[in-house]
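According to TrEMBL, the protein carries these features:
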- 14-146: domain 'Activator of Hsp90 ATPase AHSA1-like N-terminal' (DOMAIN)
- 151-172: region 'Disordered' (REGION)
- 158-168: compositional bias 'Low complexity' (COMPBIAS)
Amino acid sequence: MADWRNVGNWHWKERNCLEWAKKYFDDKLVGTSATVGEFSAEVTSVDSVTGDVDLNIRKGRLIAIYDVEIKLSWTAARGGSEEALTGTITIPEVAHDTDSYVYDISASKSTKDALPLKDFVRQKLTPEIGKKFEVFTEDLKQANGTDMYIPGNGPNDAPASAPAASAPRQERSVVESDVGVVKTANTTFSTVGITQSAEFVCSASDLYATLTDPSRVAIWTRAPVDGKPAEGETFKLFSGHIEGKYTKLVPGKAIEQSWRVATWPAGHYSTVKMQLEQLSSSTKLSLKQTGVPFNEEDATKANWDRYYWNSIKGTFG
């Protein structure tokens, strides 16, 4: 039988993360609170988490699929009152494809005095609970996705000669992703490539300066810049959250960098290539980035938009 290797995690792999999710929600939700004036409320326990929480790799892409029901207990109090109101909240669907939630709230008492406290839980405590769900997908990927590399069929989990993430493949044109595998001293993980484009109402030379001149970069990043624009020179942006090295600079034309986020695996850099195209009344920027850890793909795309392109446009017009 042929030795079919799962190069770059191309085929399907699934991990059941329900037990991890139970602990996650217990850690994140217990203690969630709201206080306004004399009213206060707090989640006191996570009573149950039931359903499915899975991570899947398909064609090098990490996909989170989950749908769970969560039951919580809460307590609420009003200043000057010696007796607190208790109750439960059932959230029937916390799922990967929804960002709105239904909260079924019950209280230990239904007296007239209890109604304001129950209403406070609905109006003020449940939005705080919802905020914790907003980051669940990313936290799920971060905590469980890094070691989901699928090895080949040989005695070693990954070939020592696995292609470097920073080397773009030349044999084919890729629109969305370019899959690779990186092996470090501590872990082996898959990488992808991303492409983006943005248009700026300025000249190519102005855009080049905006992206490289430390005095300009400090304006749109709203933080000091460490480094200078010269090939071989290192740089740090956003208080060190982004760091790298200039590998190629062509004024008004191109910028190439080794580039990493401080929270990526130690020592791992992606390769960023920006091409600037002068149009009749604007400049088009095309970005190609390879070597992005697969569980960082969505965040990286969003952060280029938010912290680079939108910030530059919002600052300079």
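The backbone N, Cα and C atoms fix where each Cβ goes, glycine too.
The average pLDDT computed over the domain 'Activator of Hsp90 ATPase AHSA1-like N-terminal' (14-146) stands at 89. In terms of DSSP secondary structure, the domain 'Activator of Hsp90 ATPase AHSA1-like N-terminal' (14-146) contains 41 helix, 60 strand, 32 coil.
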